[in-house]
């Protein structure tokens, strides 16, 4: 059964005029390694900690500024939100299609809230806590191309022609602000697009981004802004002592116009200085140590890296299943070809390397979780290949072969072919990242014994379900298994309204 909304009634939850407060018992374990009678042993002790959560329920008018607004992802997301807001329908060869938010965790998925008369009851994910309605988002952003969003949508060749014709009047007036362009960080083939760039030193470019954010916020009358990078994949930046290893060194390097400070890092610095959440949707190391240091000191949300949309999402499910079933993956070979501008940019070796790292590390935590299958340091052979084939456009092909060892020396091979409509998968993920980033800035918590409420750690692990290479605070384990990531996100939101984690025990029927 499906219900549209619900309200929690509990002595541990209080609904106020502008906030929800919950008193929550967090049950976990602590491990101790000790010696006993001359032998060492592990002791696992159940542990309970009480937390108070406070969530502001006033939903702001939210502005979204996309770096790479005129790209396939930016134009597709903008078009999709307008189509939903205006209730647009259009003819395809199969049927009359209605605008929707399919592919969005927040808008098109559900959560289990209990059972009634022997039937499972589900509610929209977005009903857990008050969220921004995506129809109300205000878009802006930057691009190194000055093409308006209507023409960018046409260039992308993602949406049906009938839909494009209806959207054009809404998008023709949307023109990206000039962006930061550094040909050293992206493929040389992107130079032909670069007719809309910010001139000057790196410090002057960063200051212009700050000015742009302030002017956008003032002109659009939004309460909050979230900035997200959906521009070209950059090459990795060199991390060097004295250059970008600390907050002080990073800012000094910007002042000195050091060449190794990337455009994405400049955008991120500008956002952190303004207290604006910044999310990196590409695989490069935007968040160098000095930037993470800066974000922590300024208590400003940062999240990333790289949208998890197609092949990697499948991989994080399948390998988790195999290892969890006691099956040993020994070889993972992933091949992609695509023909959009992302593929064109990734045809350069230095930018492909960023993507290769992002896609290759996704199974690490699953492998390390099972020392029965893998010895220390052992890892499956893992190869990632990406090729540029212009004809296929945004319709990315992904082919994977998984070879595993099974019972008594047997071998198992799984082969997948996945046609990933690249931007149509990425756009709702961008939407979720923006909405969840904003929501997380309205949540505060304090543990038992703490005097004051505080926000989540600025490095937003809550967004990890949506990213290939989740950014985590120093010393925090990286979790890539998709089911664990979704459970973490859902259970934190459940805690905010005093609901227990969904443990699937269903003891009432046992």
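Including glycine, each Cβ sits where the backbone N, Cα and C put it.
As written in Swiss-Prot, here are the features:
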BINDING   70-73, 143, 180, 190, 193, 230-233, 281-282, 306, 309, 340-342, 355, 393-394, 422-423  NAD(+) binding site
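Feature annotations (Swiss-Prot) mapped to structure.
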{"residue": "70", "record": "NAD(+) binding site", "contacts (Cβ under 8 Å, 6+ apart)": "143, 145, 147, 148, 149, 152, 176"}
{"residue": "73", "record": "NAD(+) binding site", "contacts (Cβ under 8 Å, 6+ apart)": "66, 230, 281, 307, 423, 426, 427, 430"}
{"residue": "190", "record": "NAD(+) binding site", "contacts (Cβ under 8 Å, 6+ apart)": "144, 183, 232, 341, 344, 345"}
{"residue": "231", "record": "NAD(+) binding site", "contacts (Cβ under 8 Å, 6+ apart)": "67, 68, 71, 143, 144, 179, 263, 264, 282"}
{"residue": "309", "record": "NAD(+) binding site", "contacts (Cβ under 8 Å, 6+ apart)": "420, 422, 425, 426, 429"}
{"residue": "342", "record": "NAD(+) binding site", "contacts (Cβ under 8 Å, 6+ apart)": "71, 72, 232, 233, 422"}
{"residue": "394", "record": "NAD(+) binding site", "contacts (Cβ under 8 Å, 6+ apart)": "72, 156, 157, 158, 338, 339, 340, 421, 422, 423, 424"}
Take the Cβ of residue 281 (NAD(+) binding site) and count every other Cβ within 10 Å, whichever protein chain it belongs to.
29
Structural state of residue 309 (NAD(+) binding site), classified by DSSP into three states
coil
Tell me the coarse DSSP state (helix, strand, coil) of residue 231 (NAD(+) binding site).
coil
